Amino acid sequence: MSDELKDNAAKEASFGAFLTRQLMKSVPAVTGNLDGKVAIVTGANVGLGLACARQLLSLQLSHLILAVRSLRKGEAAALELQASFPHARVEVWALEMESYASIQAFVSRCHSELGRVDIAILNAGLALKRFQTCTNPQTTPREITLQVNFLSTVFLALLLLPILGAKKEKKDAVFIPGRLTLVGSDTVYWVNARELKSRPLLQAANSSEGFDGFEQYKMSKLFVLMFVAKLARDLVSPDQVIVNVACPGLCKGTAFVREPDSNWAKQAIVSSLIRLVGRTPEQGARVYLAAAILQGPKSHGSMISEGDILP
């Protein structure tokens, strides 16, 4: 994890720091050449995922896998991308993040059809207002935000590590570490610490008692950050795969909130804040690319925002 994160958390958690990040810190444009490389983007048919896919292709990416829940929506996005970037191979693969079986099938297909993946950006996520459990019969009934944003995301990340660290077929090719970027959020600064101390973490996150959708979202992203820090420190060398977390900030035009807020006043405040200070999906997606392409081994296990390693 970023060395100074724990020491700067209080400062970064202030509303003033949030506004500074949103309004005064520019998100750098990413340049480079991804010719010959293969990338996966989950949740890639809308919002930040689609903007990320478009930017990867603009850097001459050769092969892009759009990993999506809805094949119909994914195919529509792929047609648009293919028309704009005819040089690339754009494929749509099914990935249901509520199902471990779907995740395993997706990774099995990666091994059989791709051999090597250079970049994986795990963008799929959601936020719910009410407590709901997964309905997939192949998945243990858990709260959906916890399942999709954390448990399924880290399961997918672990399964992708071997193919991200695979060597190129050419024996004389210089090995370049794979890149694995999980999408986080700077809302981790606002997690209720008392709740984390009251009982085991997963037990607290899987309880309907006093459920708060925004608190659940923040907690799920904190778990992702903790996982990446542990993974990078103890299990994965940056010489094989560079793993980090990208925080796009508050963005407009995203579709991760699956249901409207019944409190119209609260909804109006949130909508106004997004309209006034929210970044465009294109700006947010630049953070993904900065983490997955520009940042080197120093970012291993760290959180990236505005193109820089946080605090």
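Note: Cβ is positioned from N, Cα and C throughout, glycine not excepted.
Per Swiss-Prot, the features are as follows:
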BINDING   L48, K73, E96, N123, Y217, K221  NADP(+) binding site
ACT_SITE  Y217  active site, proton donor
ACT_SITE  K221  active site, lowers pKa of active site Tyr
Local backbone state of E96 (NADP(+) binding site), from DSSP in three classes: coil
Neighbouring C-beta atoms (10 Å sphere around the C-beta of K73 (NADP(+) binding site)): 16
Residues near K221 (NADP(+) binding site) in space but at least six apart in sequence (CB under 8 A): N149, G184, S185, T187, V188
Other CB atoms, at most 10 A from the CB of L48 (NADP(+) binding site): 30
Count of other CB atoms lying within 10 Å of the CB belonging to N123 (NADP(+) binding site): 28
Site extent for NADP(+) (largest Cα pair distance over L48, K73, E96, N123, Y217, K221, Å): 26
Surrounding CB atoms that lie within 10 Å of the CB of Y217 (NADP(+) binding site), all protein chains: 22
For E96 (NADP(+) binding site), the number of other Cβ atoms found within 10 Å of its own Cβ: 21
